[in-house]
Amino acid sequence: MMMVMQPEGLGAGEGRFAGGGGGGEYMEQEEDWDRDLLLDPAWEKQQRKTFTAWCNSHLRKAGTQIENIEEDFRNGLKLMLLLEVISGERLPRPDKGKMRFHKIANVNKALDFIASKGVKLVSIGAEEIVDGNLKMTLGMIWTIILRFAIQDISVEETSAKEGLLLWCQRKTAPYRNVNVQNFHTSWKDGLALCALIHRHRPDLIDYAKLRKDDPIGNLNTAFEVAEKYLDIPKMLDAEDIVNTPKPDEKAIMTYVSCFYHAFAGAEQAETAANRICKVLAVNQENEKLMEEYEKLASELLEWIRRTVPWLENRVGEPSMSAMQRKLEDFRDYRRLHKPPRIQEKCQLEINFNTLQTKLRLSHRPAFMPSEGKLVSDIANAWRGLEQVEKGYEDWLLSEIRRLQRLQHLAEKFRQKASLHEAWTRGKEEMLSQRDYDSALLQEVRALLRRHEAFESDLAAHQDRVEHIAALAQELNELDYHEAASVNSRCQAICDQWDNLGTLTQKRRDALERMEKLLETIDRLQLEFARRAAPFNNWLDGAVEDLQDVWLVHSVEETQSLLTAHDQFKATLPEADRERGAIMGIQGEIQKICQTYGLRPCSTNPYITLSPQDINTKWDMVRKLVPSCDQTLQEELARQQVNERLRRQFAAQANAIGPWIQAKVEEVGRLAAGLAGSLEEQMAGLRQQEQNIINYKTNIDRLEGDHQLLQESLVFDNKHTVYSMEHIRVGWEQLLTSIARTINEVENQVLTRDAKGLSQEQLNEFRASFNHFDRKQNGMMEPDDFRACLISMGYDLGEVEFARIMTMVDPNAAGVVTFQAFIDFMTRETAETDTTEQVVASFKILAGDKNYITPEELRRELPAKQAEYCIRRMVPYKGSGAPAGALDYVAFSSALYGESDL
């Protein structure tokens, strides 16, 4: 039976009986009812019919019924049977005789049973019931109805009558033309009864088609539907109710109480179904979050798996253009492809933390991602990616520098090789001549002196040949892609140089043999040769230096070249005086030859170099000097532009770097100790996040300056300690830090709302947490957490502390976050669903059976939730169950992680 408050103001029989606990009003109303019975036969008729139907609705459970209420209860047998059915208890054994005293004994047993239930019977005796007194019989039945059908009805601590009336008012409140104020006139038009049925079973009555001006039709509709579908027998006549100015209150209450008991079970089932739906909705939402996490983690890990081999590829390119394309591809990767993945990684951590918080709040087991997809696994993969990425960028820059130097060395090798090949051209043929065989003494001496001058020139070229060989060696060491042609050319030069040395030595030996025969020599020609050869060598060196190719990286290096060039120009007057002196010697030679008509006047036997050659080279030097001036000034201008780019980048980087560091520290301080309410903290963090987002334009501007530097092949900057990589890493760290802090506050709001915490409680928890957070990093280590618990009065042994650590650190990370700390401290006060509650709810739907059928699930739950349960429940293995029965106990345990689905 329903456990509700006993009714007030209901009783039977002119003060002769009253329900135990009904009070004075109970008796007063019954006295009014008795007097009305004497005056209004219509009420007697209604009560007789209603009470007879009510008794039969219970007696039919025992396989019997009554026809005449005052006659069929006279022997007391059916009266005792009625009491046994409605109370569920056994009465004393009835007397089997048919004598009057046997009947009186049976009726007394029934009345004694009623009195044992706390009901006082006044002036109702067994003799009156045995004699068929209708008034006393109706009063006795009404007393039974009050005690066993109405007394237990209670809504919000009201009496039985008021509780039943309040229940009717609430259920019919939304319906038009229905205003239940009592148990007589409010029910005459039949709409109130139809509204009660429609409220609980809208499929049985089309309320919109009912008319207030058809009370008999409405009443008959309600009676027929109740009898056919709700198992409530017809206890009233529509015509009697409509034609009576004030229908009998007791009859109406008796009939309406049947509706209350019929629908009470349905409401209980509805409550159980709602509880199950709520639990299943939470479980399905968590499963969806788990699937989203797995999907995001798989996609991110797959992208890292595909990207790492590309970054690990260290196969260089032979040309600068190809390496520049590789560098541009890397820039596109950093600018276009990596930032969205950073956002995905951050969102993945946020989703993981939110899911774990929801699981803890709903007392579900902590989410453990599939193998290789833990947050730590993703973090390790990401660190590996960034390590490879840093190595790849360093390799690119070093490879570009290598190719740049290779280009410079190759150009320098070609220039020096060309100059040397031009110098050696014809030298082998010259050294192989035997012109001294028919020469005069003076000619031989001249040939010898000329050969000495050549040897001097040859010795001067030794450094150039060694420099050419050193350049070739360096090109080979730097893996120059045309090293084969360089080696071939260098080998040819070295072989030719060795041959020149051999030929030179052979010619000297021949001339020295001839020198003993030839004595005459022209000292002036010799002097010309001796002075002209070094000067010519100086001219060759000057031309070579003026035509040299420079590779500089700074204004200072360019200034150094300009200084050296100015020093060279300062030596030109002295060189011009030397040239004049040499030309003077040649003039003196010509004068002497002309004076004496000597044969050697047309040529100098000691040197092949003519004065015209010296003048030509001198003119070339004078022409190359301004050209070199212009080239150096252009290089100085280019280096000054690069210097401005360096300073421009440094000015921004020196402002952005400290700003990012300050913001990172500020966010760290906010995460460690926030003040104000969580909403105020969230607003402050959102403002910080917006300020950071607004600052992104400065990062983009710095990226543009960095790209200009790289396009200008500027790779160093002494004006700042912040590289673009430092700025990028700091910016990414700042974005991750503010997102993680916002997520932590959001989870605190979720915890506060779910567990009803006040702001003062949260501040108290935060103060305790910060006190024991020795590293001030937002996480307590196990020893700190244990010290915190002991300071708060916990008596912890090793086993108990290990159990608590399993609760607050389910993933065994070795730290306790503030969110896990709050969850533990508030776990005792949280109102949560449990496995036992869900099992009890399923048991109600199953009608107290230990199993449930698919049909019962589809009838009591929404279609989507019902199919979800049917798919997940395992078959029931107990005895006595029909085919297809499902085990809801195992299913409920699996929802809370106590077993496997």
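Glycine is treated like the rest: Cβ placed from N, Cα and C.
Swiss-Prot has this to say about the protein:
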MOD_RES   M1  N-acetylmethionine
REGION    1-261  region 'Actin-binding'
DOMAIN    45-149  domain 'Calponin-homology (CH) 1'
DOMAIN    158-264  domain 'Calponin-homology (CH) 2'
REPEAT    288-398  repeat 'Spectrin 1'
REPEAT    408-513  repeat 'Spectrin 2'
REPEAT    523-634  repeat 'Spectrin 3'
REPEAT    644-747  repeat 'Spectrin 4'
DOMAIN    760-795  domain 'EF-hand 1'
BINDING   D773, N777, M779, D784  Ca(2+) 1 binding site
DOMAIN    796-831  domain 'EF-hand 2'
BINDING   D809, N811  Ca(2+) 2 binding site
D784 (Ca(2+) 1 binding site) CB neighbourhood, other CB atoms within 10 A: 18
Tertiary contacts of the domain 'EF-hand 2' (796-831) (same chain, 6+ residues out, Cβ under 8 Å): 353, 356-357, 360-361, 365-366, 368, 374, 376, 744, 747-748, 751, 754-757, 762, 765-766, 769, 778-782, 785-786, 789-790
Non-site residues, in chain order, whose CB comes within 8 A of the mean position of the CB atoms of D773, N777, M779, D784 at Ca(2+) 1: F772, R774, K775, Q776, G778, M780, E781, V815, V816
Most crowded position, judged by CB atoms within 10 A, among D773, D809 as binding-site residues: D773
Rounded mean pLDDT for the residues that make up the domain 'Calponin-homology (CH) 2' (158-264): 88
Local backbone state of M779 (Ca(2+) 1 binding site), from DSSP in three classes: strand
N811 (Ca(2+) 2 binding site) and N777 (Ca(2+) 1 binding site), distance between Cα atoms, whole Å: 19
Euclidean distance between Cα atoms of D809 (Ca(2+) 2 binding site) and M779 (Ca(2+) 1 binding site), Å: 11
Cα separation, D784 (Ca(2+) 1 binding site) to D809 (Ca(2+) 2 binding site) (Å, whole number): 14
Intrachain C-beta neighbours of N811 (Ca(2+) 2 binding site), sequence separation six or more, cut-off 8 angstroms: A366, M368, L374
Count of other CB atoms lying within 10 Å of the CB belonging to M779 (Ca(2+) 1 binding site): 18
Mapped DSSP class for D784 (Ca(2+) 1 binding site), helix or strand or coil: helix
Secondary-structure category, per DSSP, in which N811 (Ca(2+) 2 binding site) falls: coil
Collapsed DSSP category at D773 (Ca(2+) 1 binding site): coil
Secondary structure composition of the domain 'Calponin-homology (CH) 2' (158-264) [DSSP: H/G/I, E/B, coil]: 66 helix, 0 strand, 41 coil
Surrounding CB atoms that lie within 10 Å of the CB of N777 (Ca(2+) 1 binding site), all protein chains: 12
